[in-house]
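Can you keep this structure in mind? I'll have questions shortly.
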Amino acid sequence: MHEEVQCGIDEAGRGPVIGPMVISIVCCKEEYLREIGVKDSKMLSRKRREYLFDKITKNCAYSYVVVSPETLNKDMASESLNKIEENYILELLSKAEGIVYIDCFDVIEERAEKYIREKSGKEVVCKHKADSIYPAVSAASIVSKVIRDREIDKIAEKYGFFGSGYPSDPRTIDFLRKAMQQGLDLRSVARIHWETYKKIKEDVESGQKKLF
């Protein structure tokens, strides 16, 4: 009996102020992915993600791209985050055949789906929460999250603990403020176009001016 191969694309690290965004594609037998128990990476412990990552990368076709903060800083001077993500998705789609399911990054699913279909010539389905619906998208979310976690570990080794890297994390905010007060150049690890970054930088600079 023919086993259906499913392809999915998902990202990790779209919203943080620190660290890269990772976008992955996984093509694999749907039955196998269900057997090993893939699900949205946010619902899994790091240990479980690492275990599933090993299974996925040994038994499925996959590819990923790490979009560094430096690249995001450069590209976001002229393009939106949605457009940047679209461009990398188009790059990954060139490796796929058949229908590809994508965890939708746009608030309007139809708009993203139409654009990607027209630009790639591929049949795609863009859906919000696709990582909870399609096993291949769940697998892609796991690959993206594991790769990003490893990149975050490298940053933490160099700069010390900074929390999750998300703007909602007080530990991340505290790290950014102290690093800026010390005059550290964070452009290789932080996203300078994020409002969080701009606000902290403004506060630190205005505080320093008051000292003189």
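Backbone N, Cα and C atoms are what each Cβ position is placed from, and that goes for glycine too.
These numbers come from a predicted model, not from an experiment.
According to Swiss-Prot, the protein has these features:
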- 4-206: domain 'RNase H type-2' (DOMAIN)
- Asp10, Glu11, Asp103: divalent metal cation binding site (BINDING)
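Situate these features within the shown structure.
Cβ neighbours within 10 Å of Glu11 (divalent metal cation binding site), excluding its own Cβ and spanning all shown chains: 24.
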A 10 Å Cβ contact count, applied to the binding-site residues Asp10, Asp103: which residue has the minimum?
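Least crowded of the binding-site residues Asp10, Asp103, by Cβ count within 10 Å, is Asp103.
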Other residues with Cβ within 8 Å of the Cβ centroid of Asp10, Glu11, Asp103 at the divalent metal cation site?
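For the divalent metal cation site, the extra neighbours are Ile9, Ala12, Ile23, Ser24, Ile102, Phe105, Ala130, Asp131, Val137, Ala140, Ser141, Ser144.
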